[in-house]
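Have a look at the structure below, then the notes.
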Amino acid sequence: MKLLCGFFLLWLGLVGNLAQSDPSPKEEESYSDWGLRQLRGSFESVNSYVDSFMELLGGKNGVCQYRCRYGKAPMPRPGYKAQEPNGCSSYFLGIKVPGSMDLGIPAMTKCCNQLDVCYDTCGANKYRCDAKFRWCLHSICSDLKRTLGFVSNVEAACDSLADTVFNTVWTLGCRPFMNSQRAACICAEEEKEEL
């Protein structure tokens, strides 16, 4: 009962203060403007979180492709200089993967570098980049087979490793791809908003 009375008194106090304050129309406009701006900002923040979550899951509807907000094609960012490819190390869920995870196979590092360059090219298609990456990895196994002759255990292990690395990139590579595309591209409407 005391709690109910407390809420009632609080409500009366708030209603009384609102009735006493008679803001001028100018103040009211700025208050409603502020409210609309805050509301818009909140929706944009929620949308940004949803987009980030979708990137972690592999993109919207399972499609990982960078698009501008109003359906226009992204354009290369003027003056953008891509980062140096960093081999097979990267960030996973925002945490730097240690260099020790890089297997240090020069041919594999070459494949990873090609993937980095592809991701950093504005307008690239993630699935084409990934397909080239898979082909590069499996070409290592083919070269190994030619060098060592027919050794089924080595060939099977190599193919298995190549498929594992490829599937990891295919499944978890949407976020790095989208981050690279955001850095390499600009959308016409973004340029207007920044002015």
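Keep in mind that glycine also has a Cβ here, set from the backbone N, Cα and C atoms.
Counting only residues at least six positions away in the same chain, the Cβ atoms of Gln83, Pro85, Asn86, Ser180 sit under 8 Å from the Cβ of Asp116 (Ca(2+) binding site). Under DSSP, Asp116 (Ca(2+) binding site) is assigned to a helix (H, G or I) in the three-state scheme. Per Swiss-Prot, Ca(2+) binding site is recorded for Ser89, Tyr91, Leu93, Asp116.
As annotated by Swiss-Prot, signal peptide applies to 1-19.
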